[in-house]
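Have a look at the structure below before the remarks.
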């Protein structure tokens, strides 16, 4: 009370603090930014403090900013406390450069300040902007970017910028401007670890990142366990001592008294000594002033001591007395131009102003200013080097420019004037001609027909003169001449005689008779006004004019055509029967050449196509859709030499198809009608008969095409011509596809914010807060953002009492997600046979570590034929048949079954190998049975539309049902791929920046062609995407993967992984299965023992480009090990592996692959079974 009364007597009371009182003085930046383990792109790790998570950021565009309320409080505290302190525990990647803290705004590309750890320069940079001008302070030799944990404290307070690591001061400089007083909140955002560009994002781990507002750095260090040293009480004037401790910024090592020289030659220049003397003069003035101030303090202390009768002890009030004035606790005042003081717990703590190094050689002191200053005239060259020589002229002809430059010695001068000068130069006129490619002129009119009757030709020409190629320009492409047929009236055809028929038998055998022969006017018949044949139709001739002998042969005892031999005694004998007959010469019967020589005519395993005649034979014409000869003859010699050859017609090979010039003719086989189909080439779309440009390679043309009647398939204009969307979904029917429509349902809410993108709901009600609007939520009162509906009844699984719709409630259903009304459970493990991955072995946990759909309990991985099915579950254990096709369901696969349809007709003679038809009916005789005509596997899908015509289990490309296989399923954070299904499973979009994973379909293949369109719809990230084939388990598969840029994987354990840009083809045969070993091996371009082997990598190392459509095509023939990968960019082949041979796996499943890449479109997917 006495001390308070004394103060009141002096007229000094406690002073009210100015400004609003802010309770919180420490802010956890992770907490107020809502950064947690669920934040996309933030991976959680264990740091030095086990109770608090550490984070590594890999997707900086997803880092949330500090919330607005807390940012407002931070800015107010920074102004009130004259700055702030940033504390953190960090482990920065070696030699990396990264931002610790940044305040962006108020504009989209503006910043107010940022703290950047510059590993290459080994500095900690503070950049801030005042009135649009950038200022930079940096602390040197900080040693932060060495991949070691550091506990740092950054001081940005009053006029000081310093760094403490642990309890040690590393470096400190003086701030030029109190920028923290001008910070703005409106339209501003504060981020942790996020830089202004990709190169300035923080690379490493962060923990315990706080903004602290304290009175001094000692308060913060003491809370970290640091011991107080004398440095904490520097510049303190105590009431109990008359000694002033100078700060380390003021050195007293230099003595100006006369001393003996330590060496004969001075190592300092006169200019340096002059600067030193100027600084000492200023220091002398400062020390004298401080000495006088100390004397006044001692006098004032003595006065107060006498006034109050000795030191008082009080707990309620503290104050300081200086030069007769009493100052309240924490009050700050100015002593002189170089000194400020603050009252701290009865002590007066004074701080010296530290001057920045002079920027000129001869600084001067100004009255009232603490620090020396520099002045320059505007036209002075002080500090500049001499001008360099002029550069060469920037052009080789015409008017150009030259430049020269000079440099500034910034260590001691502030140079005025430009550093670069520019002047114009001229080297004569330029040749105005330009390189010009040739162009065709218009076509000339068609010439007259080359004939006056019948079929001829007309011709037209064009010249390469519009313009003529010059200066190395290219010649015109294409032909300068074009010809087409012309039709005139048919020409007259004069009739001509056929050959004479054989002479008829003579009317008598001797003494003269008559024989005749005839001819017909049909070779050709007269047509179109032609002349008739001239001459007689019949001709007669005398025969057997000789006298009649007495001869036994005169009575013609032999078979006509057989030679008769007579003898003098009147007897006779007959020679052999004529060709085409069998007998003794007297009696001859027709020889059936068709029965003796069975392969005369082409056979289709049906009725004989050879017709026996009397005499001779002939073959029926070739069956429909075959072409060949039609032989005929008499006798065995003709039968053995004249064979009928019928070959299947192939319009693609014969060039008789009607496909467009930019389409490919695909031969379907002679059993199909039609025998071919037309598909537009890559870069084009249409029905094959008409093809147009297709920029995004999704199978739809840029413009409408005039296709054949009722043939609108892929002839309609693409509703998203620059973004692949093979399904062409357009919910609001506005002509803009959903893929590129910003508001699919036209409810005035953009798709990005719409919680029902495909349903009009402007009110956006969402009762269960699952980000799916009530109008389209299949469980509107139950949180279920995935919207899974197993039985497709409109009620989501999350709120359905019977998920699979088998009339068995979930709590009693042993297969709640698989329809099984019988609830059969052979092994009694509580899991129904329909969904049990070991139906004959008790395994209630259903663990399947290798993701091959066989539970670990019964998985032995013994597979002698490498087709992905272990021996005890393989229906052909010794013959590779990945598809396990068994069309007669007899337990024996078609690959090892001699009668696939069990109709009693062996496969090699069965005209419908997969369909039961013991009668083998074949109406048109083409070798294909009627029952499987145009649908070989009898799956009700015509072969021309069937992607697997010989497998009734696969009819179309469909990835709507797939198995999600995470390849690195463990870790502190796990981001799985997010697959969006479109176009009935023919288009999938992966939206997340995820860990490696596969979406693998359930259809299984041996020989297969697999193609699709690849498109990355973002400019964020640059990592892997591709597809898999021959998938047998998560340890055994082939993968084609494509990286945009070369990059080392950020986790170097368990093995360092270097990923090179370009397309790679790899075979995975992992001994460890999914996890970090397989993850790093997949990233690595090369071989990793026991994990991955690279079969091919594109030597051009071409990475994919953002917003660019590519088309891949895979060919795989497991029987020979042949595989080939082609990648098109537009119409051109960008990468081609050529023939690659590997027989590690004999087939498997197909799927899509991603590794740390978001917004990947897999569009217009297509797989087709092929003959081995």
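Here the Cβ of each residue, glycine as well, is placed from N, Cα and C on the backbone.
Model, not experiment: these values are computed from the prediction.
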(message) Of the residue ranges 649-674, 675-700, 701-726, 727-752, which one carries the region 'Disordered' annotation in Swiss-Prot?
(response) 727-752
(message) Whole-number answer please: how many Å between the C-alpha atoms of residue 715 (disulfide bond) and residue 835 (disulfide bond)?
(response) 43
(message) I'd like the number of other C-beta atoms within 10 A of the C-beta of residue 715 (disulfide bond), please.
(response) 21
(request) Round to the nearest Å and give the CA-to-CA distance linking residue 584 (N-linked glycosylation site) with residue 415 (disulfide bond). (result) 131
(message) Distance check, please: Cα of residue 521 (disulfide bond) against Cα of residue 740 (disulfide bond), rounded to an integer number of angstrom.
(response) 74
(message) Just to be sure I understand: of 330, 558, 659, 815, 896, which recorded positions have a C-alpha no more than 10 angstroms from the C-alpha of residue 932 (disulfide bond)?
(response) none
(message) Need the DSSP three-state call for residue 678 (disulfide bond) to compare against my parser.
(response) strand
(request) Sort the disulfide-bonded residues 476, 594, 815, 912 by C-alpha distance from residue 543 (disulfide bond) and give me just the closest. (result) 594
(request) Return the residues near residue 506 (disulfide bond), defined as same-chain residues 6+ apart in sequence whose C-beta is under 8 angstroms from its C-beta, sorted by sequence, else 'none'. (result) 513, 514, 515, 543, 544
(request) Take the C-alpha atoms of residue 558 (disulfide bond) and residue 594 (disulfide bond) and report the distance between them in angstrom, rounded. (result) 26
(message) To see if you understand the setup: which same-chain residues, six or more apart in sequence, place their Cβ under 8 Å from that of residue 594 (disulfide bond)?
(response) 600, 601, 608, 610, 611, 612, 617, 639
(request) Among all chains shown, work out which of the disulfide-bonded residues 521, 659, 835 has the most CB atoms within 10 A of its CB. (result) 659
